[in-house]
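In what follows, a single structure is set out as structure tokens and then discussed.
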């Protein structure tokens, strides 16, 4: 008993270290992209806190799986300390953790982040008193609060009865698991609201993560153009534009006014010249920076990382494809949300995770790596594409130059993507997410002369056929799969994810090398942005 408690304490200590690492990562990440000139304390704290809460909620997944797995021995029997029902209630600690974190996420998404966003929007438009800005921001935020209230009400009273499917013993098993989990209206409301956000996170993952999984590794492999070569080309462009300007201005030296067409061309050329001069200053700053010299020195390492990321992306996509194909062939169908409690078509990650789970914290490390991989590929997709509302680009995400409102949008998108990550991991390894490495005992009878002899018991991995009292289902699975229609949406979303990744891979292969200042200089930038870039690189 003492040994079991000590090992559990070690597990929770590792979780505490993960929390510290998450907070440090979020602080460095947000500080890297926020504007040095327009940084605001409240927006910075909000972005760091929201992203940290999402990552912490994903960090609970391996803890949940570890706890249900640790209650049983490898031979399929419960450990002495886990035999009593009171001892098994330790799993409720994870459930309360999910309650807390998901409630905080709802607070951030529907109240805190919108309020801070509208507050700074109002601050830019009107430099009046703070009280007026707070009132206006809160008035706009009421719309988000109303949406949250509607989702909670729908979740509390939505019927969970699924259309009956005759001879569907697998789906009957699912319903029994849900009944075991409880029928609390508050829990159902929270689950419905979080699942709604997860669907939005799925759309964000399809848009940004799927493209980023192809763009990030190929950009690492191809590298960027030389800063010196780009500066030489930029200088030639400046000279060409200046000569064109001189020819235009020479037309009005004798006092004759320029035609409307020439005036329009003159304005365009002057804007182009300002942009080229800013590019020249940025290129000169980057060419002289120690960071550029360091990146050139580790160029071979970047190629190795790029090849590794391509392999990981292909492995992930193949695993997701096999998992979805398994659901298409062996699940209970659309009316059950394509839920499958076992695996008939295995995939590499589904084989690897249960093996690593037996040696804590190897699976923890792998899941953390998957989540961080999602974060970095999502960030690559967002940075390449920007934040759009249909055909209108709202914000650009750039190192050291991201506005407070864009930073809030960025962390909101990443928060929703991380929420969706838990379901993505389930899609890849359903048995691992449901039962971990649990086994149960199955009676094996040997017959001699037609008579049963030598009754023995053999251990078997927990699956849909296991007795209810022999396998404990993780709180993660039951929390995120309470509504069949969300599961059906995730299933079709996975196919869309695979399609967007393949399209992004083709596009990324066809594109040439990126500029060393790709996205850093645009026509609508102010000259003060030069100082921001210099401060970032020096």
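Heads up, the Cβ atoms here are built off N, Cα and C, so glycines get one too.
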**Message:** Suppose you had to name the range TrEMBL annotates as transmembrane segment; which of 71-95, 96-120 would you pick?
**Reply:** 96-120
**Complete:** The recorded stretch from 187-211, 364-394, 406-426 sharing the largest number of CB pairs under 8 A with the transmembrane segment (41-61) is 406-426
**Asked** Given pairs 6 or more apart, does the transmembrane segment (483-507) have at least three Cβ pairs under 8 Å with the transmembrane segment (364-394)?
**Response** no
**Asked** Would the transmembrane segment (364-394) count as touching the transmembrane segment (96-120), i.e. at least 3 C-beta pairs under 8 angstroms with sequence separation of 6+?
**Response** no
**Asked** So which residues does the transmembrane segment (364-394) touch in its own chain, when a touch means Cβ under 8 Å and the partner is 6 or more beyond its ends?
**Response** 14, 18, 55, 58-59, 61-63, 66, 204-205, 207-213, 215-216, 219, 309, 312-313, 352-353, 356, 406, 409-410, 413-414, 417-418, 421, 424-425, 519
